[in-house]
Amino acid sequence: MDIFLQQIINGLVQGSIYALVALGYTMVYGIMGLINFAHGEVVMIGTLVTITVTSLLIKAGVPLAVAGLAGLGASVLACMAIGWGLERVAYRPLRNAPRLTPLITAIGMSIVLQNIAMIVWGRNYMTFPPLLPKVDYEFAGANFTAVQVMIVVVSGLTMSGLVLLVYRTKLGMAMRATAQNPQVANLMGVNSNRVISAAFVIGSALAALAGVMVGTYYEIAHYQMGFMLGLKAFTAAVLGGIGNLAGAMAGGILLGIIEALGAGYIGDLTGGFLGSHYQDIFAFVVLIVVLMFKPSGLFGEKTGERA
Amino acid sequence: MQAKLSVVALSVAAALAMGACGKKEEPKPAAAPAAPAAAAPAQKPEIIVKLGHAAPMTGPQAHLGKDNENGAVLAIEELNAKGLEIGGAKIKFELLPEDDQADPKQGSIVAQKLVDAKVNGVIGHLNSGTTIPASKLYSDAGIPQISGSATNPKYTQQGFKTAFRVMANDVQQGKRLGEFAAKQGAKSVAIVDDRSAYGQGIADEFRKAAEAAGIKVVATEYTNDKATDFKAILTKIKSTKPDLIFFGGMDAQGGPMAKQMKDLGIKAKFLGGDGVCTPEFMKLGGVATEGQYCSLPGVPLEKLAKGPEFKDKFNKKFGVDIQLYAPYVYDAVMVMVDSMQRANSVEPGKYLPEVGKSKYDGVTGVIEFDEVGDVKGGAISMYRYKGGKLEYVETLGGGMMAAVKDAAQATGDSAKTAATAVADAGKDVAKEATKVGGEVKEAAKAGAEAVKGAVEKK
């Protein structure tokens, strides 16, 4: 039982990170119908910027907490700028192009960002400065750390904040209007360009936050770390119903838990026939099954009021 | 970093430029070496010998790929500085660096590219997974290949006459690791591998040796060479309570894995092969790596006659520490060129038979090949991670050790004092200049010896 609980904790933490990244995909898709494949790269840049700023400040003798917060702030600002720039450079000129065209520029931007990061930060793995004290907790035989608690709590708070933003503010209303019909929203006095920019900027800020979390959790970073994370988060968004905020969150957490349980139990379930290297299969089988019965994802029916 | 990159860019550009204009033919033997001393250098034909190098320059193992390339670059620069003459022509070596992304598919693509570029020899690849499929292409084209780091036994077991390696293979290493685990008093082990040809190979050999030594394998789990999260498989391993966890894979996974073991409160020891025996592993794993063990083929650099000198040269040239295989790659280049000199030809078909007959006293020891192309002897050394450094524990087996021992004892002390002197002089420009002078002298001497050797052969 303690093993099961431990796997659930592992999955929950991993899933919270997926969920936060998935929100970025789903917001952009919900408004523009575009899959921003460069989103994972924004996460990566968020992590690397934090490392650079925080390490510099720590070296200069700034207290850890201040350095960490400054690093977070710097990375959020940097990522917002990148998100805004991405939209202006790679997507806005193609607003009226066929749907496949921006998809290709998205993949192109992903490669460009990766290579820029490689030039700036190098090919080596970087270690993330330990921002939180190493506190271990034990509950019913399962171990978890302060970092894990922080990740789950912060993602939860951020996601609730985003829901409030979308459903309770004027900007959120404008976003929902643009999602339903950009032309009509324009006619109603909504500046849809500004709304789309806002979606990119907010999504990128979330990505920066996710990046800092990934960094503090694994304590390593690398210029290619965003690719796989982005792919998994995209899968999570599809699982939950892409374009739907609640779906992205549920999909992310679900995917994390499925992966953890898959890796932990697939060997026992198949009598050793399939090992833990099939854990991704486990996640994708669940995805396929869900999509077979609900092609629009778990929360797909709400696409009408997608963000 | 930027400076380093521009160097890379330059060398790539240079290689490309040379590749484009360097298609000179092998000199006619008529351009005789009759009076090499009398002939003015300008009259001598200069031929460009292209050596291919393949390693992952992007992706999670890019740091190791760069390290390998640095080893090759260092060797080639030294060779060019010596101004070798082979077959009566002045030889200029060119490195054609390729990025195989540690991907078997890409490995074959760059191998074909090197074959098409008509390289005279190939150094690499880094990974077993890329080396094995690529070796078929080199074999078909008759191009000698020496890998400094591919340790999967399959590489040399395919019956290719062109495949060589200067590092002990996984059969030898896995076996020693298994014995070492038993010696450490482990009764039960869990085995994790990254499903790469290397990781799987060494894990299988470890399993055999461990079981033979009476150790129980309580769990077998898998990951991949791009993963960062191992909590799920480690949680499962935790429930089987092993004394030791063996990881067959590279440092980029091993480091975080050791850290996550600690997070999960796993008390088992961590043990790995050469893939995790790097400074990077300790950087990534932090305190969790303290007191754990790993193995490296061969004998530690500082225990070798030419080791400290090489380390010094490497640090000075690149401003970074040796990660892992650079000395082996350096030796691979040297062995290849040594064979060319003995064959008095740079043509693959002509010098290939000489590669197998090599007896080269390199940085990593005396290199001799057995009938399949594996390095003879093949000692394995165990290390412990201590205070962010690898601490040498012991060397297990291998005739290589015995072979280098005398040489090491004879020249070790003088080499060590020389190395310290050089290190002290690091910032002293005047002394630096003398050192450069010495190097030139050395190079000249080596060149003269080479000429003498060639003449004697005639």
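Each Cβ is built from the backbone N, Cα and C atoms, and glycine gets one as well.
Annotation comment: TrEMBL describes A:12-35, A:42-58, A:64-86, A:98-121, A:141-167, A:195-218, A:281-300 as transmembrane segment.
Highlighted: of the candidate stretches A:12-35, A:64-86, A:98-121, A:141-167, A:195-218, A:64-86 has the greatest count of Cβ pairs under 8 Å to the transmembrane segment (A:42-58). Here the listed stretches are A:12-35, A:98-121, A:141-167, A:195-218, A:281-300, and the one with the most C-beta pairs under 8 angstroms to the transmembrane segment (A:64-86) is A:195-218. Taking pairs at least six residues apart, the transmembrane segment (A:141-167) and the transmembrane segment (A:12-35) share three or more Cβ pairs below 8 Å and count as touching. Sequence-remote contacts of a segment are chain residues at least 6 beyond its ends whose Cβ falls under 8 Å from one of its Cβ atoms, and for the transmembrane segment (A:195-218) they are 13, 16-17, 20-21, 23-25, 27-28, 31-32, 36, 39, 42-51, 71-72, 75-76, 78-80, 82-84, 86-88, 92, 128, 130-132, 147-148, 150-151, 154-155, 158, 162, 165, 171, 174-175, 178, 185, 225, 229. Same-chain residues lying 6+ beyond the ends of the transmembrane segment (A:281-300) with a Cβ under 8 Å from its Cβ atoms: 235, 238-242, 244, 246-247, 250-251, 254-255, 258-259, 261-263, 266, 274.
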